[in-house]
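**Q** Sharing a structure here in structure tokens format.
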């Protein structure tokens, strides 16, 4: 009842209009399970570096690997905001887009080099379809550049000393070597990428760079053996290395190109002959000595 402007408890809890007090245990508090909603977008990168993303893929997945998706998770800093604002092919011009392709174990690189030494297996593209790398191809090309230039310089030096002629160092060997091998892997892969896309048999551009980069490994021991001052021996070494390298590329691409129609044989033959041409050019420019 009301008394003195205040309220007082009802004496009879069963009185009309009263609400009985709740009894029993206190209700349990609702608790939400932890989730990953606080991190957006979630990290689903396929590379070994968490939070990295791969270069963009189009509808037929022709830029990155044949089975690789374009996960885009966990980018930090201002660079991540800029990358998120960019879309499509613009990502290929950022360094971060290629970061996963340089995160590779030594065992992976050794295994892929070993595959290039046995060209008739034809399992390289299958083994690298999910995770092609650019680390191995980059260092293969870089090593070949300096090995070829240094061995060619040393062979020329020995030849001039043998004939008692004056010898001058040719710095152009390094620049020409860099232009030849870097340019060959980059632009031949790009050309083949465009051709295969036109023939409706698209291949991953990064995977082509990976394949062509590792295909040059055999030229490193071939360059070391070219120090032997016997011309016919150098030609044999260049021919064997060129044949192995060409076979490695052709056999691994054949399974992919064979479905492009009747012209697949011409494409494979062109790939094979182009790789042989590289071996001949290597022999003529670096290991043909004139005094």
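Glycine is treated like the rest: Cβ placed from N, Cα and C.
Annotations per TrEMBL:
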- 1-80: region 'Disordered' (REGION)
- 66-79: compositional bias 'Gly residues' (COMPBIAS)
- 121-281: domain 'Yip1' (DOMAIN)
- 134-158: transmembrane segment (TRANSMEM)
- 178-196: transmembrane segment (TRANSMEM)
- 208-226: transmembrane segment (TRANSMEM)
- 232-253: transmembrane segment (TRANSMEM)
- 265-286: transmembrane segment (TRANSMEM)
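Help me picture these features in the structure, burial and contacts included.
**A** Taking Cβ pairs closer than 8 Å, the transmembrane segment (134-158) reaches residues 98, 101-104, 108-109, 112-113, 167, 169-170, 173-174, 177-178, 181-182, 185, 206, 209-210, 212-214, 216-217, 219-220, 223-224, 226-227, 229, 282, 286-287, 289 in its own chain, all 6 or more past its ends.
For the transmembrane segment (208-226), the residues of the chain that approach it from at least six positions outside its boundaries are 112-113, 115-117, 124-125, 128, 132-134, 136-138, 140-141, 143-144, 147-148, 151-152, 155, 181, 184-186, 188-189, 192-193, 233-234, 237-238, 240-241, 244-245, 248-249, 252-253, 275, 279, 282-283, 286-287, judged by C-beta separation under 8 angstroms.
Counting residues 6+ beyond its ends, the transmembrane segment (232-253) has Cβ neighbours under 8 Å at 115-117, 119-125, 192, 203, 211-212, 214-216, 218-219, 221-222, 225-226, 267-268, 271-276, 278-280, 282-283, 287 in the same chain.
With a threshold of 8 Å between CB atoms, the same-chain residues lying at least 6 positions outside the transmembrane segment (265-286) that come near it are 148-149, 151-152, 173, 176-177, 180, 184, 188, 192, 195-196, 199, 215, 219, 222-223, 226, 234-235, 238-239, 241-243, 245-247, 249-250, 253-254, 257.
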